[in-house]
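Here's the structure we're looking at; comments come further down.
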Amino acid sequence: MHPAKSVIFFTTASGAGYGLLCLLIAGNILGMMPGNFWLAFTGYAVSYVLIAGGLLSSTFHLGHPERAWRALTQWRSSWLSREGVMALLTFLPTGLYALHHLFFADMMQGLMGLVGIIGVICAIVTVYCTAMIYASLKPIHAWSNGYVPAGYLLLALMSGLLLLNVLLALWGTTETSLQLATLLILGIGLVWKIIYWRFLDGSKSISTPESATGLGEFGTVQLFEGPHTEANYLMKEMGFKIARKHSAKLRLITLMGAFVVPFVLILLSLLFGSVGAGISLVLALLAAAVGLVTERWLFFAEARHTVGLYYGASHA
Amino acid sequence: MTSLPKNPPKKKLGLVIDLDICVGCHACAVNCKEWNSGGHSAPMTDTEPYGADPTGVWFNRIHSFEVENEETGGRTVHFPKSCLHCDDAPCVTVCPTGASYKREEDGIVLVNADHCIGCKLCSWACPYGAREYDEDAGVMKKCTLCVDKIYNPNLPEESRVPACVSTCPVGARSFGDLGDPESDVSKLVAKRGGYDLMPEQECKPTNKYLPPRPKKIGREGQAPELVPVADSSAGVIARWVDKFLSA
């Protein structure tokens, strides 16, 4: 599948934004957030910039961005529509809770706690909807499975944790329990990614050139001549192919950047003093940003669509 | 609405494509392009049509496949492919705007170009690659089953079939109601063992394909071979020429 930059940016940025937002709200409800106004303020600001920036960028790849509001109408059947609706809905409880957290901490604590929990659930559901846009597409074997929603949720949480560590460090504190939690999630993320790639390399679509043409009973089927001499939309959009040697390198960048390097840097941050810890947490976030964008690029580039079977692919 | 019709259409208009007959001349694709350049989803945009890298929207494309078999040898099968107007059309349900819809009255799947936001998700959801994005108009396009031709009262009755059907020089394409078991197309499908493409994708396509008939191989299972010009049964002149040349 063709990796569109706007969609890669949207899914990684909004995922990180929702992850951070959930942690800020949950952390405050559980009384684990330091009572630092500017820490919380920058936290919410970063979350909303990432979420809104991501949503905005997702409209860039549309043919008619001015009609994007129409995408809110078909939530009964469409995961893309559900994602749009949930993304907008999530602003309400999380925004209310952010205002409460920042400015009216003493008012209606019980009720606002409930609003916060609803906000966290809405944010999680939004990320789940994003993942289901892909996981619901049966023609794409790499996407149509349970690893995909698990991964989207896991990576959103992971990038949220990495962001929160950096924010704490910028305001002069570190939180050992948060660093340990980040290590745990990085470890789980690494295992998840390896399991996903093993699945991807060890399996293929149930559809074949034989089932695509229905000619299997006559023998093995391969394309003799394509319909046109030039590439068409289907080949460019769905037939995107990545060289195996490149994919191996990019997988390595993903593993190192998104998981291994941040893991080591956060381990180091536990040993260092405040400045050293801060630097290694920032570096961990930067490495993860590179790794996660590469991960999302590969998520598209490595996915094969059944339409390829009509254009010479031996499997999908 | 994006959801599939609540009452599944009783009438299911669609195509039956006979792979035994198709000669791969691409006339159906050309006439499709011609009719639809002025039809329901017009224009069928071409980008750089006379440039180095021409590309454009087609609703119907003709692939050719080679089928290899050690026992019976290879054969070439020409394979026209357009929208299959599926019963369970995933391109309809994934649409976030309701622009992509299936008609309750005849099962035709269409795109409302005024509501389409050009997100391309429907083209991802279709396992067959039946939808093509129009870069110029910023909306998705697809086969309309010539909805503007098949119901057109200004045309003579026999012309009210999709452009690809009316133009096929060998009669490899049939059009009709596949929801009615008594229709000519349904009978044809039953008689010839018509089948669905990729049934495992569970889209329940309306269009059916008829398999090529078994290949004839000579009289006794042997392909006829070239024989020498002259043997004992040859004519006088041939024997004379043979004698002259052998001398």
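These residue numbers are counts, starting from 1, taken along the chain as shown.
Note: Cβ is positioned from N, Cα and C throughout, glycine not excepted.
Look at TrEMBL and you will find A:7-31 (among others) tagged as transmembrane segment.
The annotation transmembrane segment is assigned in TrEMBL to A:37-63 (among others). Remote same-chain partners of the transmembrane segment (A:37-63), defined as residues 6 or more beyond its termini with a Cβ less than 8 Å from a stretch Cβ, comprise 4, 6-7, 9-18, 20-21, 24, 28, 87, 98, 101-102, 163-164, 167-168, 170-171.
Per TrEMBL, the feature transmembrane segment maps to A:84-105 (among others).
The transmembrane segment feature in TrEMBL is assigned to A:111-135 (among others).
The list of residues near the transmembrane segment (A:147-171) in space but at least 6 beyond its ends in sequence, with Cβ under 8 angstroms from a Cβ of it, reads 11-12, 15-16, 18-24, 27, 34, 36, 38-39, 42-43, 46, 124, 127-128, 130-132, 134-135, 178-179, 181-182, 185-186, 188-189, 192-193, 195-196, 199, 258, 262, 266, 269, 274, 277-278, 281-282, 284-285, 288, 292, 295. Here TrEMBL flags A:147-171 (among others) as transmembrane segment.
The feature transmembrane segment is assigned by TrEMBL to A:177-196 (among others).
Non-local neighbours of the transmembrane segment (A:250-272) in the same chain are 155, 158, 162, 165, 169, 174, 176, 179, 182-183, 186-187, 189-190, 193-194, 197, 242, 278-281, 283-285, 287-288, 290-292, 294-295, 297-298, 301; each lies 6+ residues outside the stretch with a CB under 8 Å from one of its CB atoms. Sequence annotations record features per position, and here TrEMBL assigns transmembrane segment to A:250-272 (among others).
Annotation source TrEMBL lists transmembrane segment at A:278-299 (among others).
The transmembrane segment (A:278-299) makes contact with the transmembrane segment (A:7-31): 3 or more of their CB pairs lie within 8 A, with pairs spaced 6 or more apart in sequence. Within its own chain, the transmembrane segment (A:111-135) has Cβ neighbours under 8 Å at 11, 14-15, 18-19, 21-22, 25-26, 28-29, 79-80, 82-83, 86-87, 89-90, 93-94, 96-97, 100-101, 143-146, 148-149, 151-153, 156, 299, counting only residues six or more beyond its boundaries.
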